[in-house]
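Undergrad: I'd like to ask some things about the structure below.
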Amino acid sequence: MDILSVRGASVIMNCSSYCETPPKIEWKKDGTLLNLVSDDRRQLLPDGSLLINSVVHSKHNKPDEGYYQCVATVESLGSIVSRTAKLTVAGLPRFTSQPELSSVYKGNSAILNCEVNVDLAPFVRWEQDRQPLSLDDRVFKLPSGALLIGNATDTDGGFYRCVIESGGTPKYSEEAELKILPDPEEPQSLVFVRQPSSLTKVTGQNAVFPCVAGGFPTPYVRWTKNGEELITEDSERFALRAGGSLLISDVTEEDVGTYTCIADNENETIEAQAELAVQVPPEFLKRPANIYAHESMDIVFECEVTGKPTPTVKWVKNGDVVIPSDYFKIVKEHNLQVLGLVKSDEGFYQCIAENDVGNAQAGAQLIILDLAPATTGPLPTAPRDVVATLVSTRFIRLTWRTPVSDPQGDNLTYSIFYTKEGINRERVENTSRPGETQVMIQNLMPETVYVFRVVAQNKHGHGESSAPLKVATQPEVQLPGPAPNIRAYAGSPTSVTVTWETPLSGNGEIQNYKLYYMEKGQDSEQDVDVAGLSYTITGLKKYTEYSFRVVAYNKHGPGVSTQDVVVRTLSDVPSAAPQNLTLEARNSKSIMLHWQPPPAGTHSGQITGYKIRYRKVSRKSDVTESVGGTQLFQLIEGLERGTEYNFRIAAMTVNGTGPATDWVSAETFESDLDESRVPEVPSSLHVRPLVTSIVVSWTPPENQNIVVRGYAIGYGIGSPHAQTIKVDYKQRYYTIENLDPSSHYVITLKAFNNVGEGIPLYESAVTRPHSVPDPSPMMPPVGVQASILSHDTIRITWADNSLPKNQKITDARYYTVRWKTNIPANTKYKTANATTLSYLVTGLKPNTLYEFSVMVTKGRRSSTWSMTAHGTTFELVPTSPPKDVTVVSKEGKPRTIIVNWQPPSEANGKITGYIIYYSTDVNAEIHDWVIEPVVGNRLTHQIQELTLDTPYYFKIQARNSKGMGPMSEAVQFRTPKASGSAGKGSRPVDVGPDYKPPLSGSNSPHGSPTSPLDSNMLLVIIVSVGVITIVIVVIVAVFCTRRTTSHQKKKRAACKSVNGSHKYKGNSKDVKPPDLWIHHERLELKPIDKSPDPNPIMTDTPIPRNSQDITPVDNSMDSNIHQRRNSYRGHESEDSMSTLAGRRGMRPKMMMPFDSQPPQPVISAHPIHSLDNPHHHFHSGSLASPTRSYLHHQVSPWPVGTSMSHSDRANSTESVRNTPSSDTMPASSSQPCADHQDPDSSSGAYLGSAQEEDAAQSLPTAHVRPSHPLKSFAVPAVPAAGSAYDPTLPSTPLLTQQAPSHPVHSVKTASIGTLGRTRPPMPVVVPSAPDVQETTRMLEDSES
């Protein structure tokens, strides 16, 4: 506690602490430890208290005054400090004012001054006539030392002096006489001898407001607080002293306010005011708690304090103040956060709160635990390939691979330890779930080098640490600050001018400003670009509040927005007339007008009144004007009887009068009605009872000459006097609500006017009973079907068994359709009503499975929901680009980069591939960028042979079966500078261990041509392949022709045995393509757009199209068709990016026109390249052009070469199947079979298969439908599997644009037989390969 002492006195300051080990106690004065060993006057007592003997204090030497604090230390644990206590030594006794001669009327109050230092005031006492004066409620000493005497009597007269007794010799003031005067004969004016002054007190102290008034008659003093009377009688805390001074004991925060002293002596009243402010020492709302933690963890000590004034908080560790740094931070005002704990952080932490009136402390202990010893069992090895995949200014994303000891890694968790380079204090971040191999490290500093290491942990404990990885965060971009001094003022009713000043812009010049504005109460903000420092916005609404804000832009982007400024446009005359003007003739000389204000939004200001104009219909030029207030009615009097008048009305603002209404006419009465007596009885009364209401209707009295002002309706059970309702005189019916069912009500009706109520008319009624039979439910609709029409539309159809057989709806029934996405978590339905047996649901999401059900409602009857139908909307091109595109350099290979990305958020279908565009010129036309296709199941790709120290720009585009989506924003990446390890300029090109020169003229990144020898060899190989292929076709054709005749029965049995067991599902996830076959009975000719070329050629766009694009054939013959599929898939390399057979669900389409001239046309089937062939450079304009996607019988101009290893491509055989919506019959591989449904057909065509010479090329296939049956096709043989090659990432060198003079592919043909007439192009579909297991089973079935 704070202590007040006097010079020469002794002082003890208490200090006590508790611990099992006795603590060592020390004392600090003003923050410095006291050396008490050699101190004569100050000594430490056994209980830890401090004793100061004979306090020293003089004008120039004050060694003992100050702030004291004790420190308790336990060697193994740490130190704690106490709160501070202030020692104040009272000064030398001296008076600032002394008592003076004074007189007072009997009954009034007197005051005698004796002002001393605040420190000395407690040591002051008074004497009267040299005798100690006893104090009470009437004789009272103020805190300043002055003496108050209330209600003075003769005994109070005498000589007074004050004494200071602060140790040593008492000091006396001068003596002064107080005279008591008799009551005067004349009234004396009322004056304040001492007025209250404002005070500031600490909670728990006493407050005294002196209030001494003089005058005759003797005044009476009372007090108010904040204008309310203060009751002092019988109050525990409020009391009047010495005739009028207010004493407040034990002050609390509720006592804050304005106190008014009111003196009143019947003749006059005077007042004086004073404020009371209350201060509160610091108090803890939340104290820090002990924390147990491991090294590298982050911890927070919580500390919440209150007080007035608001306390300042500092933290102390083991008695020393904690200085905030990067690792010791004050968060959420008062909490202490310690980042990356180390062992030396152990100890006692104390939260010390201080304000002007006190201080408080609360502490807690931090204990660093050792890591638990590992249990017996294998620990993980170090995680592999730790790399920073995303580096920003304040966060870094790390990824790694699982340790060698646990390649699956599903049960491993990881701890990521990181620190600033050169700092030995590590922090730790843990992965959020087991098996996760990436983490985002947040809250880093810009342009700072950090060191990361990753440790795996299994159930036995922590394993080895990875090697340290150094990563530097990026420098922070300096964006503009908020524009200062933004001001807005209205220049007119429709315009506002906004001005501002230039903001701080960091390291970039301000380029422009964006001014945002919004109507108050709306949520759509508009913006305008501004070059200068002011702008006038026009076209605003009149007299409307708008908010404005400004954002400055520099080269880095938008800066910080200003605060909103709000301004209202100026008012104007109203822009519309008042509404609903009605006229009512009151009598022969007056007409009442009623109206409504103009529509909202047309007032253009505050309506100040309404201007009424009226005239006789017979004299249109003679117009009278009347201006009324803001009320919505006006009685126009002094009119002529029996005369028709026109009226119009306009609204007014301070700016003038707005448009007026159209003229409305009314006629005054010929003669005034009689209102000297009450109305007669109404001529009739009718009642119609319902369940809980009665409808009452009536006709007016027969005598129309008596004024009727209205009607009074009385009603009640058994008596009409329970309730009364009054209605207007024009009303002729009324519904009495909220009645009881099955109850007898009596109803009365009376007409009334200003004289009184007329004779009543009576009627009675019984309300209806409540019970109504529940209607029986209807039958729900049946046969609900969902027909997909487009990517966002599905037609729902159903039948209604409660309708007649012709399903015609003749009554008022309606149907409710409900739908939702087929996700278990989604329970939110959308509904719509229909009056027919179908409904078109629109606005659906692409490639989404929905479920639908229907119910029927007729009157009050409804059915339950029908059985559900399901439908999946068609795919749509992606509507957003791939996201999170990052480019990083490959470790150890500076000329190789790795591009990573994430799928588009709006894929709208299965992503079948990506295209990476890159260029060194970001502004180049997109067809000048280099293109890298990537298969759709990959999210990473590596590009080799880039130029060192060169900036490249990368964009990525996703595609699905419907086409290409938008491109991502360009990402810049500069390749590293050349490494000097191989000597300056002598480092060989890094192409990887499996690099082979490309086949075409692109064996270097700059496109140097191939040698003539290579070209000749290539021609020889291609010719050889063509010859071998033709020989094999002939042999297989002859062999199959013989087998067909002898094994006809076996073929049919094999076909029937598998009928229905392998139905082909068009929407199956795992598409299995059939062999090459043609089904004749189901032939459909698909019309195609005419090409502008006479010989349309297939475009060089290697983009496969989904078979959904082909018009599906009629399904009416499904039950008569046997289906069979039997094919195989070539060996797949796991990581290959160019394997066509490995891309499931991709069904490229080709249109095959037939030449009309030769009788036996040849159909050329080009080898269909994988989309991932790096040599396919094409323009984005031809990416999805169905009108150009035709296959011609000329040689394809596509390049053959690829610079990848042959083994990098999996061998694939790709066969052609029909559209999924048409049921067809593929041929068996070993014993092809088909029903002989056309006896006239005598010839068949066969397609042999040849082993592919080049594993990078796919088998060319075609599917056509001639006019006669084709009996069977042979199945292509399985090509030899390529040698194993498993790169971590697929890689393709950067290629320049190809020249047109490339070696051509060999042409593979299929003989179709003689065609009787010209054929339009046929759709050709290339599906994916099936799984090998199912293919094997189908082969076995057919052989059996």
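All residue numbers here begin at 1 and follow the chain in the order shown.
Placement of Cβ uses the backbone N, Cα and C atoms for every residue, glycine included.
Got these off TrEMBL a minute ago, pasting:
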- 1-88: domain 'Ig-like' (DOMAIN)
- 93-179: domain 'Ig-like' (DOMAIN)
- 187-277: domain 'Ig-like' (DOMAIN)
- 282-367: domain 'Ig-like' (DOMAIN)
- 382-476: domain 'Fibronectin type-III' (DOMAIN)
- 482-572: domain 'Fibronectin type-III' (DOMAIN)
- 577-671: domain 'Fibronectin type-III' (DOMAIN)
- 681-774: domain 'Fibronectin type-III' (DOMAIN)
- 780-876: domain 'Fibronectin type-III' (DOMAIN)
- 881-978: domain 'Fibronectin type-III' (DOMAIN)
- 974-1010: region 'Disordered' (REGION)
- 1000-1010: compositional bias 'Polar residues' (COMPBIAS)
- 1017-1041: transmembrane segment (TRANSMEM)
- 1051-1073: region 'Disordered' (REGION)
- 1087-1119: region 'Disordered' (REGION)
- 1104-1119: compositional bias 'Polar residues' (COMPBIAS)
- 1148-1267: region 'Disordered' (REGION)
- 1212-1232: compositional bias 'Polar residues' (COMPBIAS)
- 1313-1344: region 'Disordered' (REGION)
Undergrad: How does the domain 'Fibronectin type-III' (780-876) divide up by DSSP, counting helix, then strand, then coil residues?
TA: 0 helix, 47 strand, 50 coil
Undergrad: So what's the average pLDDT for the domain 'Ig-like' (1-88)?
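TA: Mean per-residue confidence for the domain 'Ig-like' (1-88): 78 out of 100.
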Undergrad: Could you give the number of helix, strand and coil residues in the domain 'Ig-like' (1-88) as assigned by DSSP?
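TA: Going by DSSP assignments, the domain 'Ig-like' (1-88) contains 0 helix, 37 strand, 51 coil.
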Undergrad: Taking 382-476, 780-876, 881-978 as candidates, which has the most Cβ pairs under 8 Å with the domain 'Ig-like' (282-367)?
TA: 382-476
Undergrad: Based on Cβ pairs under 8 Å, which of the stretches 577-671, 681-774, 780-876, 881-978 lies most in contact with the domain 'Fibronectin type-III' (382-476)?
TA: 881-978
Undergrad: Could you give me three numbers for the domain 'Ig-like' (187-277), the DSSP helix, strand and coil residue counts?
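TA: Summed by class, the stretch gives 3 helix, 52 strand, 36 coil.
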Undergrad: If you run through the domain 'Ig-like' (282-367) with DSSP, how many residues end up as helix, strand and coil?
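TA: When I sort the residues of the domain 'Ig-like' (282-367) into the three classes, I find 3 helix, 52 strand, 31 coil.
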Undergrad: Helix, strand, coil residue numbers for the domain 'Fibronectin type-III' (881-978) per DSSP?
TA: 3 helix, 55 strand, 40 coil
Undergrad: Under the DSSP assignment, what numbers of helix, strand and coil residues are found in the domain 'Fibronectin type-III' (681-774)?
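TA: Its residues fall into 0 helix, 47 strand, 47 coil.
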